[in-house]
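What Swiss-Prot records for Gly12, Ala13, Gly14, Lys15, Gly16, Thr17, Arg130, Ile139, Tyr140, Ile202 is ATP binding site, and it gives sequence analysis as the kind of evidence. Positions annotated as region 'NMP' by Swiss-Prot: 32-62. If you look up Swiss-Prot, you'll see Thr33, Arg38, Glu60, Leu61, Val62, Gly88, Tyr89, Pro90, Arg91, Gln95, Arg163, Arg174 marked as AMP binding site, on the strength of sequence analysis. The feature region 'LID' is assigned by Swiss-Prot to 129-166. Here Swiss-Prot flags Cys133, Cys136, Cys153, Cys156 as Zn(2+) binding site, drawing on sequence analysis.
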Amino acid sequence: MMAYLVFLGPPGAGKGTYAKRIQEKTGIPHISTGDIFRDIVKKENDELGKKIKEIMEKGELVPDELVNEVVKRRLSEKDCEKGFILDGYPRTVAQAEFLDSFLESQNKQLTAAVLFDVPEDVVVQRLTSRRICPKCGRIYNMISLPPKEDELCDDCKVKLVQRDDDKEETVRHRYKVYLEKTQPVIDYYGKKGILKRVDGTIGIDNVVAEVLKIIGWSDK
């Protein structure tokens, strides 16, 4: 089974959750660019990591050429030979073009760019309901995945907190920024004829089933 996928969608769409589920079913690796960046800046002997860490510590945006280099390095690893699910990249048309040319150099091409459609109010409800344990980092959702005891972590019995970027005003701002930044990428894949839209409100199992259908995966 070979599938090269890009996952697009607003914060709170569930991209990481769907990618993990599809990885479990198909063995196609989930590549989260957020995770790659967190890992690379921890490596003391990595020149690229050092450069990125300096930029991030100044609070500046990492330029496309460095982001592209990090992604290229990860996609060149053996586990990505027969596919990947990219989550968090590309964020710009320039990055999308770089990804295309890199895949072309490997005689590969994207199978699909999957866009999870989730309305703003649903994103707001999902993210403002999110709580985190300040001690162990476990994430809860007060609607869909609540703790056993009200507002207390099941493991630590510590009072759960809401992250600043999960407050309503911030979530609405993040959604607006997402629309502005991602629309050109959505249009880019739409013109290429590989954009597939999935309703992100139909429940995890149904969403995963839709994506598996797109890539032609069968359990049989």
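Even glycines carry a Cβ here, placed using N, Cα and C.
Feature map: annotations from Swiss-Prot on the structure.
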residue : record              : Cβ neighbours (10 Å)
Gly12   : ATP binding site    : 24
Gly14   : ATP binding site    : 20
Gly16   : ATP binding site    : 16
Thr33   : AMP binding site    : 18
Glu60   : AMP binding site    : 9
Val62   : AMP binding site    : 14
Arg91   : AMP binding site    : 17
Tyr140  : ATP binding site    : 19
Cys153  : Zn(2+) binding site : 22
Cys156  : Zn(2+) binding site : 14
Which of Cys133, Cys136, the listed binding-site residues, has fewest other Cβ atoms within 10 Å: Cys136
Between Val62 (AMP binding site) and Gly12 (ATP binding site): CA-CA distance (Å): 23
Segment confidence, the region 'LID' (129-166), expressed as mean pLDDT: 92
Which binding-site residues sit within 10 Å of Tyr140 (ATP binding site) - Cα, from Tyr89, Cys133, Cys153, Cys156: Cys133, Cys153
Candidate with sparsest Cβ neighbourhood (10 Å radius) among Arg130, Arg163, the listed binding-site residues: Arg163
Cα-proximity to Arg91 (AMP binding site), 10 Å cut-off, over binding-site residues Gly14, Gly16, Arg130, Cys136, Cys153, Cys156: none
Spatial neighbours of Tyr89 (AMP binding site) that are distant in sequence (at least 6 apart) but have CB under 8 A: Val6, Ile31, Thr33, Val67, Val71, Gln95, Leu99
For Gly16 (ATP binding site), the one of Val62, Cys153, Cys156, Arg163 that lies nearest, given that the binding-site residues are compared by Cα: Arg163
Cys133 (Zn(2+) binding site) versus binding-site residues Gly14, Glu60, Val62 - nearest by Cα: Gly14
Which binding-site residues sit within 10 Å of Arg130 (ATP binding site) - Cα, from Cys136, Cys153, Cys156: none
Top Cα neighbour of Cys156 (Zn(2+) binding site) in the set of binding-site residues Gly14, Glu60, Val62: Gly14
Zn(2+) site shell beyond Cys133, Cys136, Cys153, Cys156, criterion: Cβ within 8 Å of Cβ centroid: Pro134, Lys135, Gly137, Arg138, Asp154, Asp155, Lys157, Val158, Leu160
Pairwise C-alpha maximum, in angstrom, for the residues (Gly12, Ala13, Gly14, Lys15, Gly16, Thr17, Arg130, Ile139, Tyr140, Ile202) that bind ATP according to the record: 22
